[in-house]
Amino acid sequence: MTPVILLLWLVAALLFTAGLAVAIRRSALARRVVYGFSIATCGFAIAVALVHLLASPAITSTAVLPLGLPWIGANFRLDALSAFFVLVINLGGTAASLYGLGYGRHESEPRRVLPFFPAFLAGMNLVLLADDAFTFLLSWEFMSLASWALVMTRHRDDDNRRAGYVYLVMASVGTFALLLAFGLLAGPEGGYAFKTIRAHGASSGLTGLVLALALLGTGSKAGLVPLHVWLPLAHPAAPSHVSALMSGVMTKVAVYGFIRIVFDLLGPPAWWWGVPVLVAGAGTAALGVLYALMQNDIKRVLAYSTIENIGLIFVGLGLALAFGGNGMKAAAALAMTAALFHVLNHALFKSLLFFGAGAVLTATGERRMEMLGGLLNRMPATGLLFLVGAAAISALPPLNGFASEWLMLQAILLSPDLPQWALKLLVPVVGALLALAAALAAACFVRAFGITFLGRPRSEAATNAHEVDRLSIAAMAILALLCLFTGVFPALIIDALAPVVDALTGTRMPVQTHIAWLSIVPVAESRSSYNGLLVFLFITISASLAAFVIHRVASNRVRRAPAWDCGFPDSSPATQYTADSFAQPVRRVFGGFAFRATERVDMPAPGDGRPARMTVTLHDLAWELVYDPVVRLVNFLAERLNHLQFLTIRRYLSLVFGALVLLLLIIASWP
Amino acid sequence: MIDMSLIDGLSIQISQMLLVLVSAPLLTGLVRRVKARLLRRQGPPLLQPYRDLIRLVRKEAVIAESASWLFRIVPYIVFAATWVAAALVPTFATGLLFSWSADLIVIIALLGSARFFLALAGMDVGTSFGGIGSSREAMIATLAEPALIMIVFTIALVAGSTQLSTVANAMLAGVGLRVSLGMALIALIIVAIAENGRIPVDNPATHLELTMVHEAMVLEYSGRHLALIELASSIKLLLYASLIACIFVPWGLAPAGAPLHVHLIGVAVYAAKLGVAGILLALFETMIAKMRVFRVPDLLGAALMLGFLGTLLRFVSRSL
């Protein structure tokens with residue numbers, strides 16, 4: 001059996017599981033069956049993808065099923081690129097299923113989650129395997145609808161209904177753009193099979209349009225600014241393990257779609273393709289993390305941080321296009337490796353963080369950070385694992401987020417050799433925005449972890465929180481260990497990515513695993529090198545050494561006492577810094593131009609008994625500048641067209657006649 | 001032969017690690033002493049920081065009741081990350097055995113890790129002072145870190161490497177006077193002042209001032225934990241001085257494989273550089289007043305812009 005057939009059987013098994021979830025009446029049993037089957041199928045899919053990627057990446061395995069468009073059938077194909085993404089998606093899927101096994105116990109409406117969860121996984125896998133436009137779009141829509149159903153789990157909540165509506169509209173816009181993109185790629189003969197498209201490519205005049213449509217279609221699913229507005233509404237609305245899948249995994253399917261269309265189907269890249277991708281990516285990275293810093297809902301913080309990370313990935317892809325268009329294959333391979341590495345990393349730590357947020361939600365029933373605090377003492381395991389995820393996403397060495405960002409910065413350092421002036425001026429700006437985004441991300445996660453897990457509990461719920469079940473912790477622990485592993489041994493990942501990168505950019509990064517001590521050397525040793533393992537060992541050894549020496553030679557006595565706080569400790573937890581007050585300095589620095597933030601302080605005169613008030617106003621410019629005008633235009637047009645409903649029959653007939661004459665004129669004048 | 005160079009490299013690496021550890025409090029003591037003399041005070045003796053550290057280490061650690069386990073391990077993480085970072089910056093010799101395991105970007109990220117955990121520790125006890133320090137530190141870092149990365153870009157594009165030993169060798173070989181390097185130097189000095197919490201950004205000598213940053217974060221620490229954090233901040237000051245010396249005045253650095261007396265000269269030259277850096281810092285701090293905390297972004301924004309312009313110049317001048 002070829003790998004692609006095997007994977008299709010696994011997809012069928014997932015769909016069957018979805019059916020079982022409907023059939024089984026007892027929800028406790030249904031939960032075990034659904035998540036148990038999902039773990040098994042996703043784990044099997046990981047094995048298939050891993051074997052394919054490591055053993056025979058150059059071989060593509062294809063299959064045609066007698067479904068879909070009658071004259072081409074439903075085409076499926078597994079190559080190195082889709083194998084890598086199958087790996088990432090099912091890694092997230094396995095972890096989410098394991099987590100769901102424990103977390104799902106607290107689900108108030110399991111019947112609204114269980115059937116759609118495996119269907120969602122099946123849809124994502126199908127997108128990766130699709131090898132013609134029809135199957136691709138069908139799977140894409142299936143994935144969107146399954147995830148929409150999951151977003152609407154708690155549909156009685158007004159906010160969730162709005163989130164679902166916005167998601168549905170944005171998903172339709174995205175699919176529509178992709179439909180047009182594939183239409184242009186297929187050309188007048190209608191060769192919708194990817195094989196046919198690959199053979200003739202897009203006609204040269206249309207590449208710009210296809211690129212724009214691909215960016216629009218996949219970018220709206222991935223969350224590129226300003227197409228991101230649905231994401232922070234929809235991702236947090238779903239149950240936490242589904243949020244993890246949507247944020248950590250489904251956005252990666254969108255990245256896959258972009259890579260498939262632009263790097264594979266569209267033909268050899270031109271340098272200017274990189275420009276819109278770089279601009280969109282860098283803007284998304286910086287704005288996404290700024291938004292994240294302003295949020296008070298922990299799941300929203302994570303959703304906005306997903307937007308930032310998608311921006312980083314698109315910067316890597318944009319650099320790969322810019323290098324590739326100039327024939328700088330080695331540099332393109334480096335940028336592509338950085339982007340794909342970050343795809344894997346983000347899937348790992350974002351799933352971990354959403355699981356952590358879900359654990360907090362289970363323990364306290366609270367998503368607002370202002371109501372939490374002090375959870376590290378009450379939920380030590382969750383706290384530690386969340387901390388690992390926070391450190392990884394903040395790009396701290398030796399964890400995995402740092403390894404991919406380091407590669408990205410090395411790629412930027414190669415770009416002064418780009419010949420075009422537009423790129424020469426653009427790339428330094430992109431580099432600065434990338435550095436800014438990394439620093440802001442660290443601040444964002446100091447805030448998210450610090451307010452939620454540290455300090456004193458700010459509410460009754462946080463005081464009485466208890467650690468969550470073992471399965472949830474196991475799911476988080478696996479992901480945390482993977483974060484550490486991929487960070488400490490980046491050379492292994494880079495080499496595993498080599499066939500994918502080779503297929504996309506025409507070359508690969510130098511072989512890394514033969515370098516002494518498993519260092520990574522992207523270009524040449526004299527230029528730059530990094531060794532995650534040694535950095536990890538150095539830090540561990542020197543910290544243990546310091547602890548050992550101090551405890552042996554000097555003092556190891558500890559006394560517990562009330563907090564010092566400069567002599568004026570206040571027993572009320574309300575005197576602590578809150579999420580809002582923590583973000584206030586950053587808001588004052590960056591909020592002015594990013595959100596047109598204003599602060600108004602109403603301080604009553606001495607003797608006046610009124611409480612003082614501070615009001616902060618933030619404007620979401622994406623809504624105000626992009627969506628509100630569109631909404632106004634649509635409403636205006638609808639208002640005008642509304643009159644057509646109330647005409648006399650005479651007017652209707654003359655309208656019909658006019659339309660007929662117009663159409664005849666068009667046909668008559670057609671060349 | 002290979003064994004010999006390995007042993008050489010290892011011995012240089014270990015002596016450098018010990019050197020930064022031992023000489024860091026001395027630099028702090030020197031700055032305090034010179035500042036006191038400039039103000040016509042007697043000032044503490046040069047070795048006072050060592051005495052403080054020893055006394056702190058011997059005392060019991062008083063830990064707030066609301067503190068978590070994180071509070072107790074952060075000092076060790078902060079110390080380790082800072083020490084490892086400092087051990088990878090060439091001070092008196094370029095032939096460090098492990099210099100290839102981390103480049104300039106990693107060194108900056110290690111300092112970033114130290115700051116990340118220290119900011120968390122500031123929030124751990126749940127007091128208003130800790131929060132104020134952490135949030136301000138986060139604000140300063142969001143500007144200082146990108147500025148540092150832009151400075152690294154400028155330097156890396158001049159020297160063709162982010163590897164510090166290679167950079168130092170390239171600078172020794174002579175790259176000429178360049179505008180972009182000048183910008184990078186000014187930006188790096190601004191960032192160094194901000195990152196070490198010196199005047200005008202923060203005042204290391206106060207504990208009760210509304211604008212304080214670093215001292216507010218570590219307010220709840222005592223005993224051995226405080227000693228480690230104090231030592232780490234001394235090492236950080238030394239690190240920045242070494243970094244500026246290594247990149248912009250690399251003369252006197254012993255090349256790899258040089259005989260012993262060249263290394264000894266290297267140590268002497270390094271000591272002289274540190275002395276000059278300490279005196280200049282004390283002079284600067286005496287001449288200038290502390291800034292309002294919300295003026296700090298302007299200063300750091302200037303550093304970011306200088307670093308950015310330097311990078312842009314390198315990008316643009318490549319084709320001229």
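Backbone N, Cα and C define each Cβ position, glycine as well.
Please treat TrEMBL annotations as automatic predictions, because they have not gone through curation.
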Annotated stretch (transmembrane segment, per TrEMBL) among the listed ranges A:614-632, A:652-670: A:652-670
Candidate ranges A:242-259, A:404-421; TrEMBL annotation transmembrane segment resolves to A:242-259
Verify whether three or more Cβ pairs under 8 angstroms connect the transmembrane segment (A:301-323) with the transmembrane segment (A:136-153), leaving out any pair fewer than 6 apart in sequence. no
With Cβ-Cβ distances below 8 Å as the criterion, list the same-chain residues six or more beyond the ends of the transmembrane segment (A:206-230) that contact it, or say none. 144, 163, 166-167, 169-171, 173-178, 180-181, 184-185, 250-251, 253-255, 257-258, 261-262, 266-267, 270, 273, 276-277, 280-281, 283-284, 287-288, 306-307, 310-311, 314, 620, 622-623, 625-627
Quickly jot the same-chain residues contacting the transmembrane segment (A:423-450) by Cβ under 8 Å, restricted to those at least six beyond its ends, or write none. 271, 274-275, 278-279, 281-283, 285-286, 288-290, 292-293, 298, 301-302, 305, 308, 311-312, 315, 318-319, 322, 369, 386-387, 390-391, 393-396, 405, 408-409, 412, 415-416, 579, 582-583, 586, 590
Near the transmembrane segment (A:343-363), which residues from the same chain, at least 6 beyond its ends, have a CB less than 8 A from one of its CBs? 85, 88-89, 91-92, 95-96, 99, 103, 106, 239-241, 243-245, 247-249, 252, 255, 298-299, 302, 305-306, 309-310, 313, 372, 375, 378-379, 382, 385-386, 388-390, 392-393, 400-401, 403-404, 452, 465-468, 472-473, 475-476, 479-480, 482-483, 486, 493
Between the transmembrane segment (A:242-259) and the stretches A:33-51, A:80-101, A:301-323, A:530-550, A:652-670, the largest tally of CB pairs under 8 Å belongs to A:80-101
Looking only at residues six or more beyond either end of the transmembrane segment (A:80-101), which have a C-beta under 8 A from one in the stretch? 3, 7, 31-32, 34-36, 38-39, 42-43, 45-46, 48-50, 52-53, 57-58, 117, 121, 124-125, 128-129, 239-242, 244-245, 248-249, 252-253, 256, 259-260, 264, 340, 343-344, 347-348, 351, 355, 358, 471-472, 474-476, 478-479, 482, 497, 499-500, 502-504
